[in-house]
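First comes the structure, then the notes that go with it.
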Amino acid sequence: MAALLQPVLEKLGTPVHDTLFPYAWGPTLHAARISLAYQGLCRRYVGEQAKARAEAQAKARAEAQAKARAEAQVKVKEGGKGGDEKQVNGNENEKKAGEKGEWGGETRGEMNWATYLAGYLVMAWGGTLLSHTLLSLHAPPLLSLAPWINYLSVHIFLTLLFEYTGLPSLPKGMGGIGGIGLGALGGMGLDAALIPLDALLRGNAVVGTVALLHSNALAASSSSSAASSAASASTAAAASLAAASFSPVFHAILGASASAGGGVLATSLRTYTPHWGLHTPTFLVGAGASRSVLISAADVWAGALVGVLAGVMNGRVDFGDGVLAQAVNGVISSFGGQGKEGGVVIGAKAAATYVYAGVFAWKVWMLQKK
C-alpha cells in the first residue's frame, strides 16, 4: 500500500523549479493550503462584521421611520404640513444607509498588511513552533530566510489573485484548518476534493516530526554515552529525550501539536481579526454536544493517533505480544514498516495519509449531515 503513495511522497521533497522557485513542493503546497484556509477565516469575519453593521443600520432606520411616522401623524392631527416630506426624507435616508451597508467581500477588511501576514504565519507555523519546542529544537523559520520567502510569496500571490480576479474564497467548515469552497465547486464537493491534499500534507508533517524525535534521541544517547561522567546535565537531557521517544503519550501530544497546532493557535488568538485576543480553543467548544466536539477536534485526535502510529512503525512504541500487538504488526507489514528500530519512514507516511483521509472524509460527511 505504501508503494501507491511513494512517488507522491518523494515528490514533496523536490523543488518546484530549480531556478525560478527553488523551494520544495511540500512546504509550498502547505503554504497554499493554509493561505486558502486563512483567507476563508478572514472573509467570514469580514462578512459577519458587515452583517452586524447592516442589521444595526436596519434597526436604526426602522426606528427613525417609526418616529417620522409618529411625528407625521401628530402634524396631520394638528392640521400642519410636512408629514409627507419627512416620510420622503426617511425613505431617502433608508436607501442611502442601505447602500452604505453593502459588503463587497474583502479579504483583509480593516486589517493592515502587517497584521494580515503575521496572522497567516501563526496559522502556518504554529504547529512547527509547538512541536519543535517540545523537542527542544529551533524551528526552521528561526534559522533561515527561505521559509519566510516561500510562505509569504505564496500567500501574497494567492491573496492578490482572489482579491483582483474576483475568485471567491469562502469558508466551508473544516474545523481547525478552515475548509474552503470556491464558487460552484463549494460545499461538500470541494471539501471532499481537498481531502487527499490535506491528508498528504498532515501525514508528511506528523511523521517527519516523529522521525525527528527518534533521530535526536538516538544522537543524544550516543553522545551522552561517549561523554564524561561530569556532563550530568547532558546525560539527564539525553535520558529525558530517550524516555520521550518511547512514550506513547509524548508521541500523541507531539502528533497533535504538529497536526493542529497552527490552526488551534490561529483560531484561539483570532489572528484573522484586526484585534487579536485569547479565546477558548475552537476544538473544545464544538456546539455544546459531544459529537460536535469530536468533529471539531478531529484534527487534534487524528494527529495524536498518527503520532502513536508513527512511533509503533519505527519500533519506539510497543504494545507487547498480545492480540493488539499482532493486529498492529499486520498493519505495519502492509505499509512496509518492520516494527523495529529503523522502520521505513515512507511506509509510516503512507499509513498516516490513509488515516487522515479516512478521518477527514468522516468529518466532511458529518458536517454535511448537519
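Using the three backbone atoms N, Cα and C, a Cβ is placed for every residue, glycine included.
In TrEMBL, the transmembrane segment annotation falls on 113-135 of the listed ranges 113-135, 228-250, 297-319. Listed ranges 20-41, 174-195, 196-217; the one TrEMBL annotates as transmembrane segment is 174-195.
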